[in-house]
Amino acid sequence: MQTLPTPVNILHSRNPLLPFHQSTTTSPSTYPGNLRIRSKAKNEEAFKERKQVHVDYDKGIHDVSLNISGLKKDDISRRYRLRVENDKFQKDWDISQVVNRLLKLNHWEDCDALLNRWVGRFARKNFPLLIREITQRGSIEHSNHVFRWMKNQKNYVARVDIYNMMIRLQARHNRTDQARGLFFEMQEWRCKPDAESYNALINVHGRAGQWRWAMNIMEDMLRAAIPPSRSTYNNLINACGSSGNWKEALKVCRTMTENGVGPDLVTHNIILSAYKNGAQYSKALSYFGLMKGTGIRPDTTTLNIVIHCLVKLEKIEEAVKIFISMRDKRTESPPDVVTFTTIIHMYSSCGQIENCKAVFDTMLAEGLKPSLISYNVLLGAYASRGMSEEALSVFNEIKQKGFRPDVVSYTSLLCAYGRSRQPDKARDVYYSMKNNRLKPNLVCYNALIDAYGANGMLTEAVETLREMERDGIQPNVVSICTLLAASGRCGRKVDIDTILSASKSRGIELNTAAYNAAIGSFLYVGEYDKAVSLYKSMGTKRAKPDSVTFNVLISGCCKFGKYDEAIELFSAMIDLAVPISKEVYSSVISAYGQQGQLEILESVFADMKMAGCTPDVVTYTSILNAYIGAEKWEKAMALFDEMETINIQLDSIACSAIMRAFNKGGNPTNVLALAKQMRERKISFTDTVIYEMVSACSMLRDWKTAVDLVELIEPSFPVISVGLINQLLRLLGKSGKSDVMVKFFYKLVASGAQINIFTYSILLKNLLAVGNWRKYIEAHTHKYIIPIYKSTR
């Protein structure tokens, strides 16, 4: 166990808080700080705090402050009073006035000049009040300067309470070395540390995550025969818990109870926080249950930790229930900014962006002032969905409210632009961050790489990676994943191998997500063998294939028609006990369907339902195609009825498969009925859907619907296939409405739609059948003129 150095080995020259002109050989006994000056009289009113209220009705400002006067000119010794009476530069300020004037100065300005004009400096009883007042304001640089000035005064006497206030201030600012230096310095000045000194020192080491140092300080405290208080134990438990060492925190808590110091609510909250920091969320909830069983009333901090753990365990309903109970008017634990921020983050992780904004507005309505973290969480929620306009609005509001956007704010805005396919604006945000003297971190660079990669700008993404390395930030596996995905989107086969080699040369071990990205990229560019080889190499590495790995591979096998390999991978997935997702089930069902193994397909479908994996429209579409391929019309129609019963949301692909089943099964009426439902549900009509509708109209000889169908697809003439055009033209010809057929043909020509020799042949054949010679001659002329006109354009 590491021990603290002894105080006698610490010299003044090593302490950054001592004045530079002090000699390292000066002894506390010979230092002029031991000279004493007695105050003229006891003025008890000088040490009372007086409340001052300032109200500005024009601006709507209400400010309440405490004023401390301290000992003034009439309270100091006569010889010092005579020295300053005729000096117009000497000011008889209150202590609060001195502090206010100091804080208006920059810390590098001449603060000594201001302090030397203060008459109250001749009363040493003012010094503890001065230090207390300025440390409570939190300005560490000004406090250090005042403390150095005090030690240069003749009437300064080192006191434990002054050092304790300074150590606590260093702790609040996480300055561990400075706090430790003050602790040793006070011992050199023969100020014996008390329990408060040790508590402050343990606290600062706990904040820095140095829990072993905190344990050593506790041992030194016991050797000094200073009994630890409840605060001491709480600080030590917090030191262990904040570092994630929840087991050590429990040991200290057990020792605390054994020594007769009972835990209070603060102790319980620290233990809960230790469980949270150690990712022991279930243990934290169990501990909370024990707390309620012993009758301890939780406060807002307790419930905030519980809500955080519930969110991590995805117990959303329970978290919302506690949040609602905290908002009850009779509650003793009302929600604070941390509560609302946690709930916003919860809704963000669930994708419920509307609720994020609603909770944020509720926080404002209840009079709570959001912190920068609250704004960043809301900004991150919008960024995760690529809602760049809303993200920019929150970013601007951060600046309007007087906050300075940090790296997280800029990174979230950059990510929002990247996901909304605006890489140029993402780059502008990156440069704006650097112009504001903020150093981009690894997450920021990865977000910029992703912004470029998602938009196919692989060259810019690679250049960003190089710039990151030039800035001294080493890429990690997330950077490699992003580049691999970008290479796949761009279809750059060579770059995938180059990126894999680069990661190996940099010592970056690929994790499962990186392997998945590389396998997916190889399959995307058609490199099936390389994808399979990379999957097999995972067995020799620490990365284990997961559900995503098998989903990518199985769907890739189906894409390349390798159905046997897809089924083998599915079997391997079952052997490895990898959770099977609905995407995997859908791909395997499609593989069995393509092989005509309907019995196994139905068995897999039943297993999917029993496993609690709810089939979606893709799964049902795969089964429909299998039934249609095997000409099982009745089963296909029964499956459609099942889809209707459980309210499966249909899409264009599913609708076209169902229509084909209806037509093949001799139920063309149902095709048109389904088309009506598609209009009501605003499902887009694809070429395949329209083709089935045309076939249904032809079988039913429903010419009116056929004409309506032509008007429906008229805006899509330039993009529909020539096969569908010919089918429609043939249908209109069968209806005997030659005028409508000719009008349809000329609209096709005017729109620039694709037509071929078969289109003219169908038109001429139908005109000849009805004896419309005039239109026949015009169309026959178009047959030769139109191609010549198009070739000369």
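Just so you know, glycine gets a Cβ as well, placed from its N, Cα and C.
Pulled from TrEMBL, these are the features on record:
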REPEAT    159-193  repeat 'PPR'
REPEAT    194-228  repeat 'PPR'
REPEAT    229-263  repeat 'PPR'
REPEAT    264-298  repeat 'PPR'
REPEAT    299-333  repeat 'PPR'
REPEAT    371-405  repeat 'PPR'
REPEAT    406-440  repeat 'PPR'
REPEAT    441-475  repeat 'PPR'
REPEAT    511-545  repeat 'PPR'
REPEAT    546-580  repeat 'PPR'
REPEAT    581-615  repeat 'PPR'
REPEAT    616-650  repeat 'PPR'
Going along the chain, which residues at least six beyond the ends of the repeat 'PPR' (371-405) come within the CB cut-off of under 8 Å?
337, 340-341, 344-345, 347-348, 351, 353, 356-357, 360, 363, 412-413, 415-422, 425, 436
With DSSP helix as H/G/I and strand as E/B, how many residues of the repeat 'PPR' (194-228) fall in helix, strand and coil?
26 helix, 0 strand, 9 coil
Considering every residue in the repeat 'PPR' (194-228), what is the mean pLDDT value?
86
Residues of the same chain, at least six outside the repeat 'PPR' (616-650), with any C-beta under 8 angstroms of its C-beta?
582-583, 585-587, 589-590, 592-594, 596, 598, 601, 605, 608, 657-658, 660-662, 664-667, 677-678, 681, 683
Where else in the chain does the repeat 'PPR' (581-615) make close Cβ contacts, counting only residues six or more beyond its ends and a cut-off under 8 Å?
547, 550-551, 554-555, 557-558, 561, 563, 566-567, 570, 573, 622-623, 625-627, 629-630, 632, 648
What else in the chain is close to the repeat 'PPR' (299-333), if you only count residues 6 or more beyond its ends and a Cβ gap under 8 Å?
265, 268-269, 272-273, 275-276, 279, 281-282, 284-285, 288, 291, 339, 342-343, 345-346, 349-350
Using a Cβ cut-off under 8 Å, which residues of the same chain at least 6 positions beyond either end of the repeat 'PPR' (406-440) come close to it?
372, 375-376, 379-380, 382-388, 391-392, 395, 398, 447-448, 450-452, 454-455, 457, 460, 468, 471, 473
Per DSSP, what is the residue count of the repeat 'PPR' (299-333) in each of helix, strand and coil?
24 helix, 0 strand, 11 coil
